[in-house]
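Engineer: Mind looking over this structure? Questions follow.
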There are 2 protein chains.
Amino acid sequence: MNNEFEWIKSVSQPSYRHSSVKVGVGDDAAIYEPQKGYEQVVTVDTMVEGVHFKKETVPAKATGYKALAVNLSDIAAMGGRPLYYLVSIAVPKRGWTQEELREIYEGMHELSEKWHVDLIGGDTVSTDDALVITVTVIGEIKSGRRLLRSNAKAGDVLFITGAAGSSAYGLEKLLEQGLKAADDPSLKPFLKAHQEPEPQLQAGMLLAEAGCRLSLNDVSDGLAHEAKEIAEASGIDVIIDWNRLPIHESFKEYSLEKQESWVLYGGEDFQLTGTVSPEDWESLSRLFSSKGLPLFRIGSVEPGSGKVYIEREGKKILADKQGYHHF
Amino acid sequence: MNNEFEWIKSVSQPSYRHSSVKVGVGDDAAIYEPQKGYEQVVTVDTMVEGVHFKKETVPAKATGYKALAVNLSDIAAMGGRPLYYLVSIAVPKRGWTQEELREIYEGMHELSEKWHVDLIGGDTVSTDDALVITVTVIGEIKSGRRLLRSNAKAGDVLFITGAAGSSAYGLEKLLEQGLKAADDPSLKPFLKAHQEPEPQLQAGMLLAEAGCRLSLNDVSDGLAHEAKEIAEASGIDVIIDWNRLPIHESFKEYSLEKQESWVLYGGEDFQLTGTVSPEDWESLSRLFSSKGLPLFRIGSVEPGSGKVYIEREGKKILADKQGYHHF
C-alpha cells in the first residue's frame, strides 16, 4: 500500500451512527460530544499475530471481529454502552494481502454495526514482523454506576452469564483440525466462541441498570482467574460450585481434568462473572429471565483474603492455576 | 515477566492528577467524568521498533517519551488540552530488558507530568518480534472550537510555530554517528527534536482560544505533506515562501536540496502549521508575541485544487514529494 490516505478512506465508515461525532476519521484527532449525565468508559487491547491469533485458526474477518469484540467485552464488564472505536494496525510488509486486510476491517464493521459503534480514528503503520492490531473503545455509563471488581462482599452470590470453556474447547479443535474443523456442525458454536466471540453487552447494561451493588469481570483469562481478580480486589474468597456450573454436554465425555481446563482455566470466553447480595440476586435473576437472558448462580463469596476455591462433592479445593495467560 | 499484574502496578501512577478519573488502571476499563461544555478529542498512534525507532538512534526512555509526544501533538493540532492516556505495548520475548521497558514508561511519565496527563489504562502483551507501542490520548476542547484541516480559504496567511527540519537533521546525524552524536553539543537540539519532540500544546491551545477561523495540522510527515493535507481538505492551493521559512543556521552550509529535504520533506517535527485570514493573522501574531511564543508567517493560500507550491526568487515550483512516509 503506497497511499495510506486512500487505504484509510476505503476502510472508513461512509457516515457516523452517532450525531455526537463532530470530527471522525481524517483529521489529526477525532472529536465527539459526551452526553450529559454520563461518564466515559475507555479501554484498549492489543492482539498479536502468532500470539493471540493465527491464520491457521482464525480467518482474517474473524480476526477483526475478535479484536473489536474483546474490547467491547471490557466495556460490557463495566456495564457500559460502547459508542466509538479507534483502530491502530501494524501491517507486515509480507504475508497479508490487501484483501485479507480489508476482511479484518469488514469483521470489525460487522460487529460495530450490531452494537452501533462508530469507527472514529486510528493509525496504519508498517512492520517487518507480525501483524499487530490495537483497538480502543470508548463508551458511556450513567454517572455513578460502577460495576467494579472490588465490589464483592462476603455472603454474595457468584454468577455467570453463560457456559464457560467454549472458546478454549473451540481453539483445541482448531489446533487439532485447522479451519476444516468448521465442517463438523457440532463444533460450530465452539469455533464461533473462539473466532467471533459475542461481547455480553446486553447483560452488562442490564446489570448496570439494576442499580444494585455488583462486582463484575469479563471472562477473558479463564473463570478461575477472573474470580481471583474479584477476590483479590475485594479482599474476600470466592467459592465456585462445580455442580452448579453450566457445562456443555459435549464436554462430559472428557475427563474431569480436561473439563476443568476448559471451564475454569480456558480463556477468551467473554461471558460476564460477578457477585451480588442474595437479596439482589433474586430480583436480578427475575430481571434476566424477563429479558430472556441467561444468568447462572455458580457459587458464593466468603470472608477471606483473595483466594478462589472449587467446591465439589462437599470438598473445597484451592484453584491452583491462575488461568489463561498470553503474557 | 510472569506476573502481568505486578508489572502493570509497577509502571502505573501512584495517584491521578485529575479528580475526574473515577476508575483508572486495574479494572476492565477506565471511567472518567467529562467536563461540562467541553467536547472530547481522541487520537491513537502506533510506533514499531525498526520502523519508527531503533535502539541505535533512540534510547528506551526517549522511545516512551516520543510515543506519548506524537499523540499529544495530534491533540495540539486540534487545539485540545490532553487529559488521559492509555498504553498498549507488545513486548518481544527477547531483546528488551525489564529495565529498558521500565525506562520506556519513565519517558512517558516524564512527559505526562509536564502536561498533567494521567495514565488511566492499557494492555501488555507479548510478541515474538519487534516491540510495538500504541498510545491513545484523550483530551478536551471547548464545544464548537474546531481547528480543522479543511478550514483554509484563499487569501489566508500560512504560518508555522517553529523551524522545521530539526528532527530529520537529528535523525541523519544519529544514523551517521549513532547515539554518540550526543557528544557534540551543537547537535543536542536536533537529537532532542528527533528523540524527545515537544508537542506544541501551548501554541495549539492559544490558537483555539483565539476563536477565529483557523486550519491547523501538526508537522508529523513533513511541512510540504501537511500543507498538502490542508490544501486537499480545503480545496485551495498553498504557497510556501522559502525565503520566509525559519531555517536553522547549521543547515545553511548544506546544498539547497539537502536543506529542502529536511525543511520541506523531513518528518516528525511536530510544529504546528496552519492558515488564518490576514486580519486575524495580525492579532494572532500579537497574541503569540505577548506570550513569548514564536509564530512565523511562511506563505499564503490561493484559489486552487489541493496543490502545494514552493516559491523562491519569484518562481513557484510544485512540491514534488509527498513528505515523509513510514507506510
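Keep in mind that glycine also has a Cβ here, set from the backbone N, Cα and C atoms.
TrEMBL: automatically predicted annotations, no manual curation.
Because the structure is a prediction, the values reported are computed rather than measured.
So TrEMBL says this about it:
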| type | residues | note |
| --- | --- | --- |
| DOMAIN | B:26-141 | domain 'PurM-like N-terminal' |
| BINDING | B:D28, B:T43, B:D74 | Mg(2+) 4 binding site |
| BINDING | B:D28, B:D74, B:D218 | Mg(2+) 3 binding site |
| BINDING | B:D45, B:D123 | Mg(2+) 1 binding site |
| BINDING | B:D45, B:D74 | Mg(2+) 2 binding site |
| BINDING | B:H52, B:E268, B:Y324 | substrate binding site |
| BINDING | B:Y105, B:G122, B:D123, B:R149, B:S220 | ATP binding site |
| DOMAIN | B:153-307 | domain 'PurM-like C-terminal' |
| BINDING | B:D221 | Mg(2+) 5 binding site |
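Each of these features: where is it, how hidden is it, and who are its neighbours?
Structural biologist: For the recorded site, B:D74 (Mg(2+) 4 binding site), the DSSP three-state label reads helix.
In sequence order, B:S73, B:D74, B:A76, B:A77, B:P199, B:Q200, B:E226, B:F270, B:Q271, B:L272, B:T273 are the residues of the chain that are 6 or more apart from B:D218 (Mg(2+) 3 binding site) and have a CB within less than 8 Å of its CB. When secondary structure is read from DSSP and collapsed to three states, B:D218 (Mg(2+) 3 binding site) falls in the strand class.
In the shown protein chains, 25 other C-beta atoms lie within 10 A of the C-beta of B:D45 (Mg(2+) 1 binding site). Under the three-state DSSP scheme, B:D45 (Mg(2+) 1 binding site) falls in the strand class.
Sequence-distant neighbours of B:D123 (Mg(2+) 1 binding site) (same chain, 6+ residues apart, CB-CB distance under 8 A): B:V87, B:S88, B:I89.
Within 10 Å of the Cβ of B:D221 (Mg(2+) 5 binding site) there are 23 other Cβ atoms, across all protein chains.
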Engineer: Suppose we call a site close when its Cβ is under 8 Å from a Cβ of chain A; which of the binding-site residues B:G122, B:D221, B:E268 are close?
Structural biologist: B:G122
Engineer: Roughly how many Å separate the Cα of B:G122 (ATP binding site) from that of B:D45 (Mg(2+) 1 binding site), to the nearest whole number?
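Structural biologist: Just about 14 Å between their Cα atoms.
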Engineer: What is the nearest of the binding-site residues B:D28, B:T43, B:D45 to B:Y105 (ATP binding site), using the Cα of each?
Structural biologist: B:D45
Engineer: Could you check which of these binding-site residues, B:D28, B:T43, B:D45, B:H52, sit within 10 Å of B:S220 (ATP binding site), going Cα to Cα?
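Structural biologist: Checking Cα-Cα distances against B:S220 (ATP binding site), none of the binding-site residues falls within 10 Å.
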Engineer: Averaged across the domain 'PurM-like C-terminal' (B:153-307), what pLDDT does the model get? Just tell me the whole number, please.
Structural biologist: 96
Engineer: Which one of these binding-site residues, B:T43, B:S220, has the sparsest Cβ neighbourhood, judged by other Cβ atoms within 10 angstroms?
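Structural biologist: Across B:T43, B:S220, these binding-site residues, the one with fewest Cβ atoms within 10 Å is B:S220.
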Engineer: On the DSSP side of things, how many residues of the domain 'PurM-like N-terminal' (B:26-141) fall into helix, strand and coil, could you say?
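Structural biologist: Summed by class, the stretch gives 34 helix, 49 strand, 33 coil.
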